[in-house]
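Reviewing the structure listed below.
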Amino acid sequence: MQPDTVQPDTVQPDNVRPDTVQPDAGEPVVRVRGLTKEFDGTTALAGVDLDVARGELLVLLGLSGSGKSTLLRCLNGLHRPTAGEVTVAGTRVDRASGRELRRLRTEVGFVFQQFNLVGRLTCLENVLIGGLGRVRGPRYGVTTYSRAMREEALAHIERVGLADHAYQRADTLSGGQQQRVAIARTLMQRPQLVLADEPVASLDPENSGAVMDLLVRVCAEEGLTVVCTLHQVDLALGWAHRLVGLRSGEKVLDRPAAGLTRDDAMSIYRHVEPAEALA
Amino acid sequence: MSAPTTRERRDGHNTGAHNTGGHSTGGRLPPPPTPQQRALRWIAGGSVLLALVAASSIGLDLPTLIAGGEDVASLVERMLPPRVDDPARIAALTLDTVLMAFLGTVLATFLSVPLAFLAARTTTPHPAVATVARGLITFCRAVPDLVFAVLFVRALGLGVLPGVLALALHSVGMLGKLFADAIEDADPGPREAVRSVGVGPLRELLNGVVPQVVPAWVSAFVYRVDINLRTSVVLGFVGAGGIGFALQDALRGLVYPKALGIVAIILVVVAAMELLSMAVRRALLAPRNPRFERDRVVRFLSGGAALALTVFAFVRLGIDPLALVTSVPDLLAVAGRTFPPDLTSLGPVLWEALLQTLAIGLVATAIGVVLSLPLGLLAARNVAPHPVVHAAARTTVLVVRAVPELVLAVILVAAVGLGPVAGAIALGIGSIGFLGKLVADAVEEIPAGPAEAVRSVGGGWWKVLFAAVLPQSLPSVVGSTLYLLDVNIRTSTILGIVGAGGVGFLLFEAVRTLRFEVVGGIVLLVFVVVLLIERLSGWIRAQLT
């Protein structure tokens, strides 16, 4: 990758001061420096820097293949960085041991584009999986979890509006409902950071709005930090405190959402050089 | 009356001529076959020739067949009417047989689950581990269950324990493979989700993979119980317990009505198990049930029943669970004595026996195809000229399926005498149960369109059969035939145990005379032959699709 990061229409990352939003300005929850990730010779991320403050809602924008999902997975160690520093909630993810990573992951929720529920299990069983990191020993089936955990899981299911479906198999629900179950599973983790990878990309526009609304509302109520990838610019402008744009593994935009216009944000998608787009 | 007929005929003729004209670019002058097609034709022609040569090599010709038919008829006459002399003892032995099949499959499951996780590409800790695990699974499949049984009886003495262990070990060959395939087919998404909540690799597999594969595993388990029941009824032939012991007793004592009574009981039990297994697997594949509570009750009850049956099997068969562990050194000792495998001390006899085994498998498959094609077609709902024919053909297939090949072989040996002819005929008849069912299923699955098209241009039953049904079902029938050849050659290696020819006789003799290196050599040969046949039929099947 060429080191020409200077883009005329992007803001350089030195003014990362989310001053228009409420997040506290103390120690950032996420601190990324020079993050590089390569897969068999192809570079997915090329030297990305990023800070996310506690309580902030940050949206990552960019084309498919721009490195958004890779960045998210480097934050909870599902991918190990090739180079660079990643610190999440005080843990150095890039050099954490397996045990440290597992401990960190119990505090970091992950919402997937394809929901990733176990279709054959009920909603309740799927939500209980979110609490696995907190308990020791193998668990299989509702009855192997404590009563307190079951009650907590039911409360989360009620909170996402699916109380009537708690004992229904997950694969009998609609996409929007399945993503709600996945959000309940994340809440069951009692996380301090939520990573969401295209949480509404598989949903129709109406459900997209409803699910985004739910995700943002519960995270705000719990004071959770959120890093979310999206490809709907309008949704991003509506919900985010701050927008970060990625293109070909490099950061090309990093600005507070307030005052940002749709055209500003769309600039991430333009200026793609044909050679790059084809590569 | 005659005028319209002429016109119809002329019209038909014209249409035919017109059609030929329309397709003239390719109809009369087909493009030259590709090298692969040519190879397939050579293989097809060659295997017919080979089957004929094989038939004459084992002394099977038309007069022998006719005489054999008469012998069987006279034997059946002497068997009638069937009777059960000691109902209490026969019932107890039958129960033991069923429990042995069940317990063997349970043990196989416990062995297969870890092996499958090691063998599956997506869960193995290292590709080399996967290769070793796959190799173990293939080995278990390639060594016939009765060979394991013969060896284990030597190591542990007469009784049910060696029989159960033999069933278990051979079943790992199928269960391990099916379990691993299910794991590889599982969606990686839920696994990633479970990992992302911060649990270690074991719980990731337990909560992210296992719930997805359970239906496939249970289905494979039930199917295997069904298969093992067929084997467990013949384990008694080698002293490994069960009802086969009583059957052999009756035949040795020439008490034929008693033998037929036992065969009838075996038939009923195996057929009942087949129906049960079909019902269970259908229930598993049934549309998902949104009413969780009922689902859970059913799951809980069936799990409890399986556990209770396992405990009951241990108690009833008098197997000390600890013996499963303590017998391992004895088994390993016998296994160790098969090294180094000895291929030379038997001299040319060994190679002759091996060739005879191959010939039996080939001839049996040919007999199976000749018998199964018409029967399978009649058993297909969409081809059978009348529902009664369909029902009769299906029942015939089911009944033949319920009689294990080795039981057929024992009866044929009693009828036509010792030797490969009895084995080939027994396996050939037994093939009906396998191939007849597959042909019928394949034909029922073909799309109805082409048959309707032939009917709409005035084609009758025969025309529909040759223009629409056969061409569409041919690839699947050829595939099934190759699989049958595979199975028949594997079975023909053990026919010798009941005196029906092939290498099994030498194997049995070697065990009896404690020449374990020879046993090792024969097992190695069987393993190599089975692998080669598997590869060859795999290649041919790949060319067909």
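Placed from the backbone N, Cα and C atoms, the Cβ positions cover glycine too.
As given in TrEMBL:
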{"type": "COMPBIAS", "residues": "B:1-13", "note": "compositional bias 'Basic and acidic residues'"}
{"type": "REGION", "residues": "B:1-37", "note": "region 'Disordered'"}
{"type": "DOMAIN", "residues": "B:94-277", "note": "domain 'ABC transmembrane type-1'"}
{"type": "TRANSMEM", "residues": "B:98-120", "note": "transmembrane segment"}
{"type": "TRANSMEM", "residues": "B:146-169", "note": "transmembrane segment"}
{"type": "TRANSMEM", "residues": "B:227-247", "note": "transmembrane segment"}
{"type": "TRANSMEM", "residues": "B:259-276", "note": "transmembrane segment"}
{"type": "TRANSMEM", "residues": "B:297-319", "note": "transmembrane segment"}
{"type": "TRANSMEM", "residues": "B:353-378", "note": "transmembrane segment"}
{"type": "DOMAIN", "residues": "B:354-537", "note": "domain 'ABC transmembrane type-1'"}
{"type": "TRANSMEM", "residues": "B:406-429", "note": "transmembrane segment"}
{"type": "TRANSMEM", "residues": "B:492-508", "note": "transmembrane segment"}
{"type": "TRANSMEM", "residues": "B:514-533", "note": "transmembrane segment"}
Stretch of maximal Cβ-Cβ contact with the transmembrane segment (B:146-169) [cut-off: under 8 Å; candidates B:98-120, B:227-247, B:297-319, B:353-378, B:492-508]: B:227-247
Ranked first among B:259-276, B:353-378, B:406-429, B:492-508, B:514-533 for CB pairs under 8 angstroms with the transmembrane segment (B:227-247): B:259-276
Proximity verdict for the transmembrane segment (B:259-276) and the transmembrane segment (B:514-533), three or more C-beta pairs under 8 Å: no
Residue numbers, six or more beyond the limits of the transmembrane segment (B:297-319), whose CB comes under 8 Å of its CB atoms: 95-96, 99-100, 102-103, 106, 160-161, 164, 241
Folded-back contacts onto the transmembrane segment (B:406-429), same chain, C-beta under 8 angstroms, at least six residues removed: 55, 58-60, 64-65, 67-68, 71-72, 74-75, 146, 233-234, 237, 247-248, 251, 256, 259, 263, 266, 356, 359-361, 363-368, 371, 400, 488, 491-492, 494-502
